[in-house]
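Listed in TrEMBL for this protein:
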| type | residues | note |
| --- | --- | --- |
| BINDING | GLY15, ALA16, GLY17, LYS18, SER19, THR20, ARG121 | ATP binding site |
| BINDING | SER19 | Mg(2+) binding site |
| BINDING | ASP37, ARG61, GLY82, ARG139 | substrate binding site |
Amino acid sequence: MKKFKKPLLLIGFMGAGKSTVGQALAEKYKGKFIDLDRLISDSEGRSIPEIFEQDGEFGFRIHEYNYLQQALEDYDIIATGGGIIAFDKTFEYLKTVTARIIWLDAPFSKLYERIKNDSNRPNAQKGDESAVKNLYLSRLSRYNEIAFIKITTKDTLTQTLSEIENVLFANDQH
Ligand code: S3P
């Protein structure tokens, strides 16, 4: 059963810690958590790299759009994929949803350290570091446009959680 008044949607680039933070919040506040990539890959019975390979990135974005709607209905806390804002239809949809959108971010060098060897992330393996950095830079304005707050994950999980809690309690919305 869902518990929060409004779902919490975690957005941000690969390696920002959306799943880790989402899971920690869910444990602490007994909310229902889902990682959108996990929902897609479990429902489709294929890994994310397999979906990219077989359906193309565009195909993956369509799945992302469809499963996002399901996730918003069924879960309290949703960790999205870093490219959720890349597809115009999903980006426009995100502007209309009744959710609290939190942008998790860290300096690019830190994000890159966390993702550079991850073969499960096709867009982190598409080019060299500068190509991935360009992808990161190209997405910032969209994260910024739909999030109500940006929280850094450059420090410890405890620090990140307490910053998020300040925001949630300040707004009495959890
Ligand atoms: C992607 C990010 C991934 C996943 C897919 C595409 C991207 O999610 O959705 O590999 O384009 O940034 P994470 O942000 O959880 O790594």
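Positions of Cβ are set from backbone N, Cα and C atoms, glycine also.
Curation plays no part in TrEMBL annotations; they are all automatic predictions.
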(message) Among GLY15, GLY17, GLY82, please name the binding-site residues whose Cβ is nearer than 6 Å to ligand 1.
(response) GLY82
(request) Find the one among the binding-site residues ALA16, THR20, ARG121 whose C-alpha lies closest to that of ASP37 (substrate binding site). (result) ARG121
(message) Nearest by CA distance to ARG121 (ATP binding site): which of the binding-site residues is it, out of ARG61, GLY82, ARG139?
(response) GLY82
(message) Restricting to the binding-site residues ARG61, GLY82, ARG139, which ones have a CA within 10 Å of the CA of ALA16 (ATP binding site)?
(response) GLY82
(request) Between the Cα atoms of ARG139 (substrate binding site) and SER19 (ATP binding site), find the distance and write it as a whole number of Å. (result) 19
(message) Which secondary structure state does DSSP assign to ARG61 (substrate binding site), in the simple three-class scheme?
(response) helix
(request) State the count of C-beta atoms found within 10 angstroms of the C-beta of ALA16 (ATP binding site), not counting that atom itself. (result) 27
(message) Counting only residues 6+ away in sequence within the same chain, which have a CB under 8 Å from the CB of THR20 (ATP binding site)?
(response) LEU157
(request) Could you list the residues of the same chain, at least six apart in sequence, whose Cβ is under 8 A from the Cβ of GLY15 (ATP binding site)? (result) GLY82, ALA106, LYS110, LEU111, TYR112, GLU113, ARG114, ILE115, ALA124
(message) Taking only the residues the record lists as binding ATP, namely GLY15, ALA16, GLY17, LYS18, SER19, THR20, ARG121, what is the largest Cα to Cα distance between any two of them, in Å to the nearest whole number?
(response) 16
(request) Determine, for the ATP site, the additional residues of the same chain whose CB lies within 8 Å of the mean position of the CB atoms of GLY15, ALA16, GLY17, LYS18, SER19, THR20, ARG121; present them in sequence order. (result) GLY12, MET14, VAL21, ALA79, GLY82, LEU104, ARG114, THR153
(message) Under DSSP, is GLY15 (ATP binding site) part of a helix or a strand, or is it coil?
(response) coil
(message) For the substrate binding site, please report the maximum Cα-Cα distance among ASP37, ARG61, GLY82, ARG139 in Å.
(response) 18
